[in-house]
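Just passing along the structure, written as structure tokens.
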Amino acid sequence: MLSFLGKSVALLAALQATLSSASPLATEERSIEKRANGYANSVYFTNWGIYDRNFQPADLVASDVTHVIYSFMNLQADGTVVSGDTYADFEKHYADDSWNDVGTNAYGCAKQLFKVKKANRGLKVLLSIGGWTWSTNFPSAASTDANRKNFAKTAITFMKDWGFDGIDVDWEYPADATQASNMVLLLKEVRSQLDAYAAQYAPGYHFLLTIAAPAGKDNYSKLRLADLGQVLDYINLMAYDYAGSFSPLTGHDANLFANPSNPNATPFNTDSAVKDYIKGGVPANKIVLGMPIYGRSFQNTAGIGQTYNGVGGGGGGSTGSWEAGIWDYKALPKAGATIQYDSVAKGYYSYNAGTKELISFDTPDMINTKVAYLKSLGLGGSMFWEASADKKGADSLIGTSHRALGGLDTTQNLLSYPNSKYDNIRNGLN
């Protein structure tokens, strides 16, 4: 999900509400509308975060979060969804896990997230498939009816075995009209199989279906937005990665608006993407506004919208938290830097005049501004990439969003999975 804006990811909540229509889809749409009773405050949790970052499911501040999107599952060309890290996903034994359990049991993040769900009944967990690295096989997986059915079946198998509440598809990105059409068919198949599973094993429960969607026009202009708005519960708009090592000049990472007086600093902006999604047929209340919990750095620069030389990793004592040019929010601002605000673009950045390093990132004030913006347009809530990078306490971006949003969605998660392959999930960890 952390994508360069050639990728510009945007997850948007989308269920086209044509309430005047008497079609079965409109009826289903109305019932889904009633299920969410407040704003979404969603966060991506990465399975690789349990290693060097040492961020475990128990570290989530669950009271601030409505949806945890567990990333990522891989997929094969025939649509088969597979674990990309079996140890992290369901094998790792945590301190309170016994090595003497009888039967077949899930461990790893699957069990830990189920424990979080049990303790926080308003928190839903979704299984995310793809991402920037693992999107290669989506065109093939979506290209035939057989592959689409296989994708849906294998995705739902993991979902019910691990005790999750829905599926998130992160295809980066459909490249043409054919792929965009096949994406819709793929999502319709997943929706159909989710509903069939619910009818048999969880009557009355609605499993969620979401996507990550791009904020870059070159990518979202290819999508069938109105169709996505009908089949999905949420479209999470990845409204970040607007500038970085791929950019010719320094710029804002996640600005709300363009700045006509400094266009080099705002090659992209969130407002244009949001308005285009709505014009394209996505109901505003299904759009979830993505926000970054990281900053992008530029070195040897005089300021925003100007030339730079490097982003880190090439000397000068600056690299990044985990990769060159990308800093966890909890490491910012760096010592010696002062925070600047572009009041036109609505974007913050830090600048150190001595080292000539600029880092664009969201602050708590920026989150408050973005939440006010999304509320003004009737959007569905906030989404964050990703959980391990946040600060604790009053400066948490996720927590700031919760406080600014006010009433979060409290619809209950599901704890009953009678046909999970794992004894402990099937028994509700009892």
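Yeah, the Cβs are placed from backbone N, Cα and C, and that goes for glycine too.
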According to Swiss-Prot, which residue out of Asn219, Asn264 bears the annotation N-linked glycosylation site?
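That would be Asn219, per the N-linked glycosylation site annotation in Swiss-Prot.
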Please compare the binding-site residues Gly103, Gly130 by how many other CB atoms fall within 10 Å of each one's CB, and tell me which has the fewest.
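Fewest other Cβ atoms within 10 Å, among the binding-site residues Gly103, Gly130, is found for Gly103.
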If you run the three-state DSSP split on Asn219 (N-linked glycosylation site), which class comes out?
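DSSP assigns Asn219 (N-linked glycosylation site) to helix.
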Which Cβ among the binding-site residues (Trp132, Tyr173) has the fewest C-beta neighbours inside 10 Å?
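Output over binding-site residues Trp132, Tyr173: least Cβ neighbours within 10 Å is Trp132.
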Tell me, how many other CB atoms lie within 10 A of the CB of Glu172 (active site, proton donor), whichever protein chain they belong to?
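That number is 23.
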